[in-house]
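> What follows is a single structure, and I will ask about it in a moment.
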Amino acid sequence: MVDRLNTVLRRMPAWAIYILAPLPVLWIYYLGLTGGLGIDPAKRIEHELGLWSLWLLIAGLAVTPIRRWFGLNLLKFRRAIGVVTFFYLLAHLLTWLVLDVQFQNVWADIVKRWYITVGMLAFVLMLPLALTSNNCSLRRLGPVRWRRLHKMVYPIALLGALHFLLLVKGFQWEPILYALVIAVLLAARLNLQTLRLFRVSTRA
Amino acid sequence: AAGGIAASVPLASRAQDALEPNTWEEITNYCNYYEFGTGKDDPARNAGALTIDPWTVRIDGLVDRPGDYSFADIMSQMTIEERIYRFRCVEAWSMVVPWNGFELADLLNWVGVQSSARYVAFETVLRPEEMPGVASRVLEWPYVEGLRLDEAMHPLTMMATGIYGRDIPKQNGAPLRLVVPWKYGFKSIKSVVRITLTEDEPPASWNIANPREYGFYSNVNPQVDHPRWSQATERRLGGGLFAKRQPTLMFNGYEAEVASLYDGMDLREFF
C-alpha cells in the first residue's frame, strides 16, 4: 500500500504544488469580496491565511516523521511546501497591514504587542529560508550549512504556535492543539542519541 | 415583546443623526456570546436551544422589594422606546444598533433601591444543557458583570428587549440584556437572570479572567490601549472588505453625557 503510494508520488511533479497553492488564497479573497465570510471580511481573511500558514508549517515539519513512521516518502515536495508556507505567511502579513490595521501604528504594534512581535519575528526568520530555497543557493552554501540554516524552521514553527496562543481571548483549545502538534513533530526529531548526548553534557 | 415603542428621541441620538444602523442580518449573525461558542457565527447557530419562556429575573440585595420577577411582569411596568446606539467591542470593531428597551433606572426605581446600595451586579443564565459553549472553560460561568450605581441609573443605560422593533434574538441576549453604550460591548451582559444591588464592587467575568486586560470600568477610551491592541481606531462593520478604519471616540461618542461620572478619576488606572 505504502509502496504503491510512493510510486504514485514519485510520478507526481513537485511543481504541481506551486500551481495549486494560490487557489485557496484566491478562494478566500473571493469569499471575502462577495460577502461569503460575513461582515468582518478583513479579519476573517487574515485569520484564515494565518491558519493556512500554520497548517503548511505543520505539513512541512511532518514530512520527515511520516517517512520514518509510515515509510511514506514526501521528501521531494518539502521545498515546495516550505516556499508556499512563506507566501501564505506573506499574504497573512499583507492582509493585516493593508486591510486590517491599514498602516496605522504599525511599528508601535510590532514593538509593543507581544503576539505581533512574535509573528513578525517568525516572518523575518523565514525570509532567508525562502531566499535560499533553490538549487543555486544549496550549491553555494553547501549541504551542511544549508541544512543548518533551514533548521531555523523549528523555532519559526514554535513562534507561529506562540503567536496564535498569545492572540486569543480567554482559554481556548484550538491554539493549544496546534502548539501540541508542533511540539510533537519537533520532539520526533530528538532521537535517543541526542538525548543521551544532552544528558552527558548537562552532567559535565 | 409586550408594550409599544414610544416615539421619544433620546438625548444621545439627537446629536447623532448621521448614525446609520447596521442591518438586522449583520447585527444578528455576528455576535460574541461565548456560552454558545467562541466563533462569531456560533451564537446564531447554537442559541436556538435556549428556553426564554418562561423567564424570571431575580432582583435582590439592597432593594425594597426583592423577588423573582417574571419577564411579563417587568414588561407590564416598563415603557419601551427605541435607542440607536453605537456599539463598540473591545476587539476594536463596532456597529450601530437600533435597540428597543427600557431604562434600567426605571426598573431599579420600581423595585426600590436602598440608600446603602452603591453597585449593581448582573448575572447571565447558565444552562449547560442548552449552552454548548460552557463545556469549555473559556471563562468562569455564569457570566457576571457589574456597574456602579450612578452608571446603572444613567438615562443612557438600558435593558434591551428588541432590535429593529422585533423581539431580541437569542444570540443577541434574549429576552433581556443590558446595554451601556459608552462601555466596551462585553459590559452589556446578555440574557440576564439576576440583578443584585450591593455595597461592594461586584465581580466581572472578563476582569476575573484577565485583570490586566479588562478593568471593571471598561469605558471606551481611544487613549487607553488594550495591552494586545490599540483602541485608537475601530473597524465599523458592514463596509465591506476595503472599509477604512475610523477613529474611536472618547466614551464611544457619549462624552457629553457621561464624562462627569468620572470627574477626578484617572481613567488609565480605572480602565
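From the backbone N, Cα and C atoms, a Cβ is placed for every residue, glycine too.
According to TrEMBL, the protein carries these features:
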- A:50-160: domain 'Ferric oxidoreductase' (DOMAIN)
- A:12-30: transmembrane segment (TRANSMEM)
- A:50-68: transmembrane segment (TRANSMEM)
- A:80-99: transmembrane segment (TRANSMEM)
- A:114-131: transmembrane segment (TRANSMEM)
- A:152-171: transmembrane segment (TRANSMEM)
- A:177-198: transmembrane segment (TRANSMEM)
> Would you call the transmembrane segment (A:50-68) and the transmembrane segment (A:152-171) in contact, using three or more Cβ pairs under 8 Å, pairs 6 or more apart in sequence?
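Result for the transmembrane segment (A:50-68) with the transmembrane segment (A:152-171) is yes.
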> What are the DSSP helix, strand and coil residue counts for the domain 'Ferric oxidoreductase' (A:50-160)?
95 helix, 0 strand, 16 coil
> Take the transmembrane segment (A:152-171) and find every residue of the same chain, 6 or more past its ends, with a Cβ under 8 Å from one of its Cβ atoms.
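The answer is 50, 53-54, 57-58, 60-61, 82, 114-115, 118-119, 121-122, 125-126, 128-129, 178-179, 182-183, 185-186, 189.
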> So if I exclude everything within five residues of the ends of the transmembrane segment (A:12-30), which remaining residues of that chain have a CB under 8 angstroms from its CBs? That is, six or more out.
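Residues 36-37, 45, 48-49, 52, 76-77, 79-81, 83-84, 87-88, 91 contact the transmembrane segment (A:12-30) from elsewhere in the chain.
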